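Here is the structure we will look at.
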Amino acid sequence: ILKTLNSWFWWENIWMPVNVTWAHFVDRDGLVFPKAHQLYATIPYAFVLLIIRFFSERYIAIPLAKALGIKNVRRVKPQPNPVLESYFRECSKHPSQSEIQGLAKKCNCTVRLVEKWFRRRRNLEIPTVLRKFQEAFWRFSFYLTSSVVGFIFLYDKPWFYDIWQTWVGYPFQTLLPSQYWYYMAEIGFYWSLLFTLGIDNKRKADFFAHVVHHLAAIGLMSGSWCANYVRLGTLVMFVHDTADFWLEAAKMFNYARWEKTCNMLFIMFSIAFFITRIILFPFWILRATLYQPTYYSTTPVIAYFLFNGQLLILQGLHLYWGYLIFKILKRFIFLK
């Protein structure tokens, strides 16, 4: 069954243009092509990034937070109580007064002690400001680094200035070492975010949107790698990363209560977001993926619809987040 499913998944009509097979994607005559098995390396790369994250948060983010005036608040842990812990996890974190009275009788203690226990237990679930700062610092570090490195990788490439060049010679476009490492780092990073989703700061408003975004990003980058849409893929990654580090920087100064600096950085982020995600992405990237391929092939392959479907999902998320950003800007401007 697995062998049959594998053959269906890698059917040339899904991925390749007409009269092109996987046999054509063998390295030859100086041409190097991306290979699906290379994506397995993104998992160990994700763990390498997690190790880098651990040391950077501990030895760079914490001293920086202290320098900015952020204190490490130590929360008091409640006394171990299996009955209350079981109720907290399985029933409710905010029991009613009648439920508290019942738990007090069951534990043979006072109502006040039960209320105090639940209050302390809920506080343990809330990440400290220092923890939020560490997380924002890691994301800021990666996004800034990937933006700078991405620009270095792309600034001398013709498709960075002329989007039509992304399709010249397709699918027989050689893979550059810079493109390999750019992809491995980006996919590994999003794997690492998924691995730490359970312990990172919970985002109530858009938690699901973040999960969808990470999975769509991994699927999109992996698929574009296999189909050798690497030139377009690097442009998509660069367009996304160049706005994100402004937001993470704004968060860091917000946690440090540097209000004016935070406001300035958030305005910079908003400008970068609307330019890259609301203007460049749909009118530059999507135009290249939806419209330009019709000039090179009269029979679009199934991958054309799959990749563009995922890109349109990302654009939907951009519009959703753009709406949230607009609401914040509106409050910031009109409500002070």
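Even glycines carry a Cβ here, placed using N, Cα and C.
The annotation DNA-binding region is assigned in TrEMBL to 86-123. Taken from TrEMBL, the feature domain 'Homeobox' covers 84-122. Annotation comment: TrEMBL describes 131-334 as domain 'TLC'. Residues or ranges marked as transmembrane segment in TrEMBL: 39-56, 136-155, 180-199, 265-285, 305-326.
Here the domain 'Homeobox' (84-122) has, by DSSP, the following mix of helix, strand and coil residues: 30 helix, 0 strand, 9 coil. Tertiary proximity for the transmembrane segment (180-199) is limited to same-chain residues at least six positions away from its ends with a CB under 8 Å from its CB atoms, namely 34, 38-39, 41-43, 45-50, 53, 142, 146, 149-150, 153, 211, 214-215, 217-218, 221-222, 225, 230, 233-234, 237.
Panel annotation: around the DNA-binding region (86-123), residues 75-79 of the same chain, lying at least six beyond its termini, place a Cβ under 8 Å from a Cβ of the stretch.
Note on the transmembrane segment (136-155): residues 49, 53, 56-57, 60-61, 64-65, 178-179, 182, 185-186, 189, 234-235, 237-238, 241-242, 244-245, 248-249, 251-252, 255 of its chain, located 6 or more positions outside it, place their CB under 8 angstroms from a CB of the stretch.
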